[in-house]
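Listed features, source TrEMBL:
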- A:12-31: transmembrane segment (TRANSMEM)
- A:37-55: transmembrane segment (TRANSMEM)
- A:62-82: transmembrane segment (TRANSMEM)
- A:88-108: transmembrane segment (TRANSMEM)
- A:115-134: transmembrane segment (TRANSMEM)
- A:154-172: transmembrane segment (TRANSMEM)
- A:202-219: transmembrane segment (TRANSMEM)
- A:239-264: transmembrane segment (TRANSMEM)
- A:276-292: transmembrane segment (TRANSMEM)
């Protein structure tokens, strides 16, 4: 198949047009800094959700440590850009690499575990990262790291989101991606068919951590202040909620979930008393009436003409 | 079924987006109105919601009084209250919204240092003054290069100031030379107090025998207290919040540690007495923003007004919030115009503003110069001990 076929050219055009529209509206003043902030926040959430979806949705490894990878990325980029004064691109790459190394280190011992046990182990990993950050005075300890240069903007965020979605989407459609889906469906059967389950689980964990690290770098260099408890257990749950809300095993679901939940959160700013109640009710209704999430495991047509490629082959 | 559900969800999403746009339009158009808008960026939900809610209760009381007296510059004050979920990114979000959408002239809050740091960059970019009444961390108003943040102010003393005060108090007033430190190492606040105490106390000639840590939400401190007991300190400095401090003091007394316990404004809560019991709360001294036992007329008036409006006694956060709002109104009045730039200049030049928590002047680092109160717990009841002028 040619790389520059009609579909791909159209996708690239669509991506560029969306970018151009937002840039244009920004210059015209329609998109002010408030909308921009929320666009960037949505972008960061999309990267986090899509990368966690690769681990939890497609490979079936229940991870509660995603915020820890984000935290590692945020701190790495914070150190690189604020303490060492290097450019943002170095910060992003360092964040992604360090986070993925952490992914390998945590992946090798814990991925022997399954289901609940893995969830507990990743939860523990998240706490370890938090405690290390709290006790390390070089990065500010519990006080947090302040005055990180504000490099993140719409352009960086948008193209990193596109990169994340592009790589993970293509990974899933590849030979390796199918191996991962096989692991999710039935690990023993997959192993019997010659899939190296340990290798793939660690690979997926590393890729997920890589992108979570990028999201962390964007976060740190946008909000310019990070502290260990910003990336606690609740942050991991927030990301997981986006993934489940959008649909486990659907990238477009994760994107829609990230957008929808970010918008809901913004609109509820005015009613603090009921904020968490309404948020919870919305999640509750979705889970009762649509337990598979908004998209289930189906992709939007824009992304996948065949549809249902990643379908469940029966009960889990 | 599946299709209708998808359609329904898509519709719901569309509606939420559209209503959002509608709300935004009305938000921006109220500029010519005859009210002065002040934004509140507070922790109204999330894990430190009590601080945010308490501060807001104080602010609302103050603004009610101001509006009843005819407002400021002939205009009524309108408060725009937005929740930041106790999250620093959300605080930035709220800060941006208040500055660009609601077009407020100044932002009050957030209550904690971390969230205030989160809310800082948007306030700086949009040139809107942001004032916190309880962000005690030293680098809230000053950046890492030592440069003051032009639009950021606070009306409470620094963490380090409390630590220095306590070190002086322990050494000079209590005349105790050997101290132990036990602090919450998950809290930036406790660390700030601890660091300045650790620096000041030895420089006065005292000795720090042992330094131990605990973590928020722990409940059993016997092991660490036994360790501290074995070094025979004359005094223990325990910066932290009342939840754990209550348990620590109680368990310390049970273990026979009868030496004085020193702490900071995190002790200020009636819950402290509920957690520890009356008998164990003796020889406990802490620095605080104000004393409810103060008999100055403005303090008494504030306490009565607060009780009448909210049906409960005012705590330090209420008092700080009240002062914060009055402080801003005073600056708007002196600025002569509800304009962020002029308000900022007026704030920076505040001299001897009289508030419930004492009179304060703003120094060149946008920190207040104000008195600190030392309270002593006698049978669980805070007693006013002394007020140290800076």
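In case you wondered, yes, glycine gets a Cβ from its N, Cα and C as well.
Annotations in TrEMBL come from automatic prediction, not curation.
A:88-108 is the stretch from A:12-31, A:37-55, A:88-108, A:154-172 with the greatest number of Cβ pairs below 8 Å to the transmembrane segment (A:62-82). Outside the transmembrane segment (A:239-264) by six or more residues, the chain places 38, 41-42, 45-46, 48-50, 52-53, 56-58, 64, 66-67, 165, 168-169, 172, 181, 184, 278-279, 282-283, 286-287, 292-300, 302-303, 310, 312 with a CB less than 8 A from a CB of the stretch. Outside the transmembrane segment (A:154-172), and at least 6 residues removed from its termini, the chain residues within Cβ reach (under 8 Å) are 15, 18-19, 22-23, 26, 36, 39-40, 43-44, 46-47, 50-51, 53-54, 58, 88, 92, 180-181, 207, 211, 214, 218, 222, 251, 255, 303, 310.
Listed by sequence, the residues of this chain that lie at least six past the ends of the transmembrane segment (A:115-134) yet keep a Cβ under 8 A from its Cβ atoms are 61-65, 67-68, 71-72, 75, 102, 106, 109, 141-142, 228-229, 231-233, 236.
Highest Cβ contact count with the transmembrane segment (A:37-55) among the listed stretches A:12-31, A:202-219, A:276-292 falls to A:202-219 (criterion: pairs under 8 Å).
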